[in-house]
């Protein structure tokens, strides 16, 4: 019985091999035909792709980098939205500075006509080499964005903001004229046009957006972003940034505490939350982010108001400890290295975890409330 079955199995395997060989040959022919018609790289096996892992751009905040899985993904569309004065433009200026530090080229499409070059320079932006456009209409702005992307010479384009991309029909019309859905149609057409070019050029495009309230919403969240739904679908990452606290020394306000929720992420787990300080005139407090992570990973320990490192007290209160880190760059580098090692080993902190951690809760409870005036901030 077993001897009779062997030739049958051999015949079946031969037929399968022959059929798979024919399929492979047909596949090679059709792939070759597609590449001749549409160019090299128009179709490929995913395993043959030169870049399997998505490269990232640092946001300037270590906690937000963790929440995003490394930073802003390159070659993708990103939307940053939130209320006024919540830190949207500051986030993008830090991204521009990071791109320029690495030898890249960045462009800022200033549809709001509100870019402050002095503030941008204080955040590390090379304003002399930053490409800036202040378009008159939404069509002009998006056409400029498309041409910059097509050039493959620009690494990052920031559009500030979608709400300010006014359609030509609205500008040329009379005040009070209704052009229902004009901006949404404009954004929908633009996203269809530029998305394919973004993938080919590797350019990252960050759209800043404002919030509006839906009329007649009794239950649920009445907030929505401007420009229709196209950007929501095409964006690989959507960040919701909010101002949750005003930082004070005595009665003097010197910054804000911002909370960013990753509302959408196609390249890493979404719905993570990151918090960081934004200092007026200075931007994101990188040392503040480092101290928060050092506290959560127990590289720096805290008892009451005192922070200690290797058993030695280094500062009373958060502000004094940040000042100590500024004044001791060698110790700061060692602490940063230890924090990154712990995070690489898989340590969970509030920015890379979906569940609230005890250290994060302790940290939140120790911060002054909005109405509270603190001598240490």
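Placement of Cβ uses the backbone N, Cα and C atoms for every residue, glycine included.
Looking at 1-20, 21-40, the stretch flagged in Swiss-Prot as region 'Disordered' turns out to be 1-20. Swiss-Prot assigns the feature region 'Disordered' to one of the listed ranges (314-345, 346-377), namely 346-377. The ATP site is defined by 82, 83, 84, 85, 86, 87, 88, 89, and by the 8 Å test on Cβ atoms against their centroid, the other residues of the chain that qualify are 241, 243. In the three-state DSSP scheme, residue 88 (ATP binding site) is classed as helix.
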